[in-house]
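Undergrad: According to Swiss-Prot, the protein carries these features:
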SIGNAL    1-19  signal peptide
CARBOHYD  49  N-linked glycosylation site
BINDING   61, 62, 82, 83, 148, 149, 150, 151, 598, 609, 610  FAD binding site
CARBOHYD  93  N-linked glycosylation site
CARBOHYD  198  N-linked glycosylation site
CARBOHYD  261  N-linked glycosylation site
CARBOHYD  283  N-linked glycosylation site
CARBOHYD  429  N-linked glycosylation site
CARBOHYD  486  N-linked glycosylation site
CARBOHYD  526  N-linked glycosylation site
ACT_SITE  564  active site, proton acceptor
CARBOHYD  575  N-linked glycosylation site
């Protein structure tokens with residue numbers, strides 16, 4: 001799209017943060033005077049040796065949440081160490097506009113943007129014919145909440161019971177964890193007048209908090225026409241309409257709730273929500289463009305972090321604790337280069353051993369995604385390639401915070417267990433037995449209606465057909481991943497990228513489910529409800545992909561991750577040698593160090609983990625401060 005006025009507004013918004021800080025008497029907790037508090041720069045650190053009460057490594061989804069809450073809850077001074085900067089400034093407005101969420105996330109190694117992304121790539125993947133893929137990760141304030149697809153939904157009640165059982169802590173049950181979900185939120189109901197016809201939303205606001213949280217969640221001011229037809233097709237194949245996916249149940253379909261600012265329709269991230277709030281607190285300091293290189297220990301107590309900013313090395317020290325929130329790849333990497341991890345790995349790189357934790361970097365879990373695409377006779381995001389349509393969409397977004405740019409491409413989310421009799425026909429006895437181990441409310445497959453073309457997912461923008469047709473897709477994601485990957489290091493230097501091996505689609509259960517899920521998309525497109533809007537047969541991959549072997553071949557060539565890497569510093573019981581943190585997120589075997597991000601999850605819950613990470617950060621902040 002053309003650059004809208006959004007980037008100018010973003011720059012002004014960032015630059016003006018200091019000007020809107022609350023006035024009042026100077027805090028007794030700080031020596032800053034009131035005039036200094038009104039300057040943006042007062043909230044940001046400069047590269048030199050300093051000491052704070054708490055250090056948070058990583059300014060991403062969980063990192064900015066826990067840092068802001070700790071400062072707010074009066075624990076003392078808090079510093080955030082973030083390698084990136086403001087995505088609004090480093091990526092134009094592409095990171096702000098919901099419809100632009102597919103920029104720089106393809107599997108091609110050159111489909112990345114160094115201003116906001118780490119440029120990580122995987123090892124050759126056996127489950128994808130040895131393909132090496134770019135794995136998008138947010139290198140910016142907001143982290144991957146600035147890069148994701150903005151879906152906000154929660155796991156199931158039984159998944160939370162399994163979490164509580166796995167870590168031996170009842171505070172992770174649905175009933176006890178729900179308040180931490182609610183604490184973050186500022187929910188705004190759907191604006192049906194702007195969404196358009198036949199797109200009304202059924203939701204349950206009773207579980208969406210009291211509205212005083214900083215994180216805006218709402219429904220886009222535009223609904224894709226494809227979705228209005230898709231909901232009837234879902235009903236035809238057995239997926240009934242639910243009142244949203246926030247109440248601990250997922251089986252069925254609903255319009256998705258998204259982390260979008262309800263007024264501007266800009267992306268909402270931990271930076272636009274928690275950090276903007278936190279900058280008003282004189283006890284919060286942010287070090288941007290600051291790469292954490294190593295955690296320092298005295299005996300087994302974490303006491304500081306070696307940091308590098310633009311070639312300058314310095315140390316930030318912690319009086320009380322350090323919270324590691326660098327994500328599923330770099331949290332285990334930082335632990336290992338600091339001496340916490342598998343002893344053999346550390347020895348191979350001459351890293352002094354602080355604690356032998358074999359599970360560091362292991363147990364990686366992730367969700368994959370792929371989709372067939374059809375030509376359709378309704379407007380989708382394909383129409384943005386038409387200059388006249390795009391110009392009107394631009395005006396709608398800038399002038400009314402509405403129109404197709406307000407929509408993040410996906411609309412309806414739906415979950416199911418593969419139903420009978422297809423289940424018995426499609427699955428081996430082994431696969432049926434393994435899937436039976438999951439709770440009754442845990443779905444096996446997620447469907448996402450997508451108003452656009454999917455293809456091989458190498459570069460969504462480059463590969464988008466420009467033939468004048470509108471395209472729509474039904475994406476599928478596997479919710480019971482059995483394949484396990486790992487993360488390791490090749491150097492004691494945290495500046496050297498970690499080795500990332502997701503090991504996708506290598507377990508036979510995942511393989512059978514991947515084929516079955518693709519067949520279910522064809523069930524969907526064969527319904528009488530969806531037929532009226534289809535132009536011709538399946539466009540991608542096409543009817544020549546027919547047998548199970550051909551479907552699997554296609555899936556291996558076309559799938560990508562939906563960027564839910566997790567569990568590489570898994571939570572568990574202290575006597576579990578594969579566990580890295582306990583139920584309070586404390587690293588086992590050392591003191592004054594916690595891990596709070598997706599790497600700390602004991603397993604990957606069904607769906608999109610963003611909501612869980614915000615809630616986990618809220619929970620651990622309360623554990624630390626004791627002031628909730």
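Positions of Cβ are set from backbone N, Cα and C atoms, glycine also.
Each of these features: where is it, how hidden is it, and who are its neighbours?
TA: In the three-state DSSP scheme, residue 49 (N-linked glycosylation site) is classed as coil.
Under the three-state DSSP scheme, residue 82 (FAD binding site) falls in the coil class. With a cut-off of 8 Å between CB atoms and residues at least 6 apart in sequence, the same chain places 58, 59, 60, 63, 140, 141, 286, 287, 288, 289, 290 near residue 82 (FAD binding site), listed in sequence order.
Other Cβ atoms within 10 Å of the Cβ of residue 93 (N-linked glycosylation site) number 22 in total over all chains.
Of all the Cβ atoms in the protein chains shown, 12 others lie within 10 Å of the Cβ of residue 198 (N-linked glycosylation site).
Secondary structure at residue 261 (N-linked glycosylation site), taken from DSSP and collapsed to helix, strand or coil, is coil.
A simple way to gauge crowding: the CB of residue 283 (N-linked glycosylation site) has 21 other CB atoms within 10 angstroms, across all the protein chains here. In the three-state DSSP scheme, residue 283 (N-linked glycosylation site) falls into the coil class.
Take the CB of residue 429 (N-linked glycosylation site) and look out to 10 A: across all protein chains shown you find 8 other CB atoms. DSSP assigns residue 429 (N-linked glycosylation site) to a helical segment in the three-state reduction.
For the recorded site, residue 486 (N-linked glycosylation site), the DSSP three-state label reads strand.
Within 10 Å of the C-beta atom of residue 526 (N-linked glycosylation site) sit 14 other C-beta atoms, taking all shown protein chains into account.
The C-beta environment of residue 564 (active site, proton acceptor), restricted to residues of the same chain at least 6 apart in sequence and closer than 8 Å, consists of 365, 366, 367, 598, 604, 608, 609.
Residue 575 (N-linked glycosylation site) counts 8 other C-beta atoms within 10 Å of its own C-beta, drawing on all protein chains shown.
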Undergrad: Taking Cα atoms as reference points, rank the glycosylation sites 93, 198, 429, 526 by distance from residue 150 (FAD binding site) and give the first.
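TA: Answer for the nearest of the glycosylation sites: 93.
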Undergrad: Rank the binding-site residues 150, 598 by how many other Cβ atoms lie within 10 Å of each Cβ and give me the one with the fewest.
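TA: Least crowded of the binding-site residues 150, 598, by Cβ count within 10 Å, is 150.
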Undergrad: Based on Cα distances to residue 261 (N-linked glycosylation site), point out the closest of the recorded positions 49, 148, 198, 486.
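TA: So, of the listed recorded positions, the one sitting closest to residue 261 (N-linked glycosylation site) is 148.
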Undergrad: Could you tell me which three-state DSSP class residue 575 (N-linked glycosylation site) falls into?
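TA: DSSP call for residue 575 (N-linked glycosylation site): coil, neither helix nor strand.
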Undergrad: Same chain only, sequence gap of 6 or more: which residues have a CB within under 8 Å of the CB of residue 49 (N-linked glycosylation site)?
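TA: Listed in sequence order: 314, 315, 316, 317.
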Undergrad: Determine, to the nearest whole angstrom, how far the Cα atom of residue 198 (N-linked glycosylation site) is from the Cα atom of residue 486 (N-linked glycosylation site).
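TA: One finds 45 Å between the Cα atoms of these residues.
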Undergrad: Between 61, 261, 486, which of the recorded positions has its C-beta surrounded by the fewest other C-beta atoms within 10 Å?
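TA: Looking at the recorded positions 61, 261, 486, the Cβ with the fewest others within 10 Å is that of 486.
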Undergrad: Relative to the Cα of residue 148 (FAD binding site), which of the glycosylation sites 93, 283, 429, 486, 526 has the closest Cα?
TA: 93
